[in-house]
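Note sheet for the following structure.
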Amino acid sequence: MMFSGKQTKPTFKSYLPPLQTDLKKSPQLPIKKLEAKLLPGEIIVNEANFVRKCIGSESQDDLWGKLVCTNFKVSFISHNSLPRKRFQCTHRLLGEHDIPLACVEQVVTVNDLKGKQKILGSNQKLKFNPTELILYCKDFRIIRFRFDEAGPESAKKVCLAIAHYSHPADPQLLFGFEYVGKRYHGSTGDRVNGVDRGGGMQTPLFDCSSDWDREIKRTGASEWRVCTINQGYFISPSLPEFFVVPVSLADQDLKQYACFFYSQRIPLWCWNHPSGSALVRMSNISDPQQQRKVEQRISSAITKSHPLRSDVFKSDLDKNLPNIQDIQAALLKLRQICVIDPFEESEEKWLSSLESSRWMEYVRTFLRHAVEVVYMLESRNVPVILLENEDRDLSCVISCLVQLMCDPHCRSLHGFQGLIQKEWVMAGHRFLDRCNHLKKNDKEESPLFLLFLDCVWQLWNQYPAAFEFTEVYLTVLGDSMWVPIFSTFLFNCPRQRAENSRDFASSKSIHLGQDQALRFPPVWDWSQQFSLKDQTLFNNPLYVGKIATCVQNGTVKTFTHRRSKKNYSSTLRGLPSALRNGSLGPNDTLARRNSLVLRLRSDLSQVREQQETPSERFIRDYFSHPVDLQGLLLPQLLPSHLSVWKLYFLRWVPEAQIPQGGPITAFHKLSVLTDEIEMLQSQLRQYKGAGSTPNNLHAEHSKMYFKVTSTPHQTPSPPEYLSSSFPFSPVGNLCRPGILGTPLSKFLNGAKIWLSTETLANETF
């Protein structure tokens, strides 16, 4: 019989899984485990599975996972994460592949089969199914996702969701409101609405009169007082409730004069030079008929505050500095050069393209103008008024740079943070508009704060031992603008923060108790973003102004590190040998326009004195002496002394990466050396009878990220994960060009803006 009841045992063994039964189930099993980590108040809006993130030059290097859009970020969760050793720092608010929606500049969808692309805005329709999504980010990243295996509808929905939620229609739709409302509502203890009021931060917020009082005493401004006439913001909507004015100006006079100034912005005291000269910022007077009278009254009051009754010097910033639109255009061109144009095609003309962007020119211009103000305060010993139409943009940059150059306190970490809080946040810089968080008005967007950080970096690069913080700190501070949680960068002025937070609390029925508004955490509470260990990356091992301890005659004492003139005179930062006496040699032919250090040929050296202006002579005399790192700092302004801030602008570019190289290798060795010195000092104190401490106590309290090993005399080699952009470039965030080149770069060649905001639905590659 052909078919018997006894079943034969199969002899064929298959090494492939059954096609019908497991094909649909096996990919779904790990997908269920891919869940986005959500913060308080964060909700998932849309998501797509089977998405490929393009991270390598070859497709086999890419990551597969789930793309999620929340009301806070774009999150990519992958099965196979990258090696942990490549990226050591952990952000407490963002994952390795997360992008805050506020950081998304443009959302570009591509269908490579039909040859179409479209820049998505809020509430727009998408007529084709996207095969690729490109996110152009404000921190210079370009992130690409492919939807080859994802469902076309889910791909379209997640793209539309990202475009919509990255364009909030109202300030209260920014994620910070939901986060603060959910996380801090109902908290008790010493925290107001759960936010540290600054006791642990040691950074003054200048939102109370006592902070201003301390600043007056610190600078010795005895002829100035704290003014309270703007409490409740009744006089000026953009000024803080507390600010400093001359003692000779009565409150009644200030109330009378306020209506004559643009936006009722009464002149603001910034800082006092040790000689008694004050730095003041002031908006223009809107009433021409009252201009002469009011200016004389203000100038007279400032003159009376000076010990020598010196006349006031007025510096018109609007006439001497580029406007906000010029600065924005320069950044867009710089971004195009750094991350959009294919490097292979632009390599030969990269430096000339960089110069044509004018970004470095503007950095020099702001530094040069700050030096001229320093000259008036330091050499001429006269008070200075910074004039600007609204006194909310250019004056923020110049006032801070002047104080950085003159006041070593501002070069400490907490001093620098207080400086920004005072001159940017409380003075009413329009962070909401200039960062374009709502993406409503591109004409109001301008990277003034980034330009300021670049100027600070130039000073830091020339005098690294004069600053307590590192360039990692400056870069993280710039990135924090795009994390819409901190009060520092969310609003145009203190009043806007107070009004919006009160309205939000009322709409959500949040009980505020004795407080008048929700308290957003300031960015200076770094524990919101980083662990204590990761925060040690902010500490500069070269800093000579920090307080250290020593043992003298068995007693522990504190002292401030200072380099002697003998040791430092031969190491003037960034100076060629010919310039150490303030002059150029015959072979120095570096070109630069409008230099404060006069360029001269050898045959003109005899008439140098007749050609020098007083400010140029002041600069030359300054560089003819050893630099005191705890005194006045003036920058070198030749093109050879000003560099591109590579860590910020080029950290995502593969061609710019230096594996196990770059400045981080020097930082690593210096950190280890500093840690070894601190450890030996600690052991010496124990030996002198200060008491025994556990061996691991030093490691826990060390200020250095890289610590000495058990064999301190053998300097360890740099860890494998170090690169020139550490700690900002995990492999998954490097900018990689697409198959057809960097998307839209050739199409938009020569455009005056980075990417057009017009809809390009009908355009093709």
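Note: Cβ is positioned from N, Cα and C throughout, glycine not excepted.
Among the features that TrEMBL reports, domain 'Myotubularin phosphatase' is placed at 206-649. Taken from TrEMBL, the feature substrate binding site covers Asn323, Ile324.
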Which residues in the same chain, at least 6 apart in sequence, have a Cβ under 8 Å from the Cβ of Ile324 (substrate binding site)?
-> Asp393, Arg434, Glu444, Ser446, Leu448
Within the predicted model, mean pLDDT of the domain 'Myotubularin phosphatase' (206-649) | 86
For Asn323 (substrate binding site), the number of other Cβ atoms found within 10 Å of its own Cβ | 14
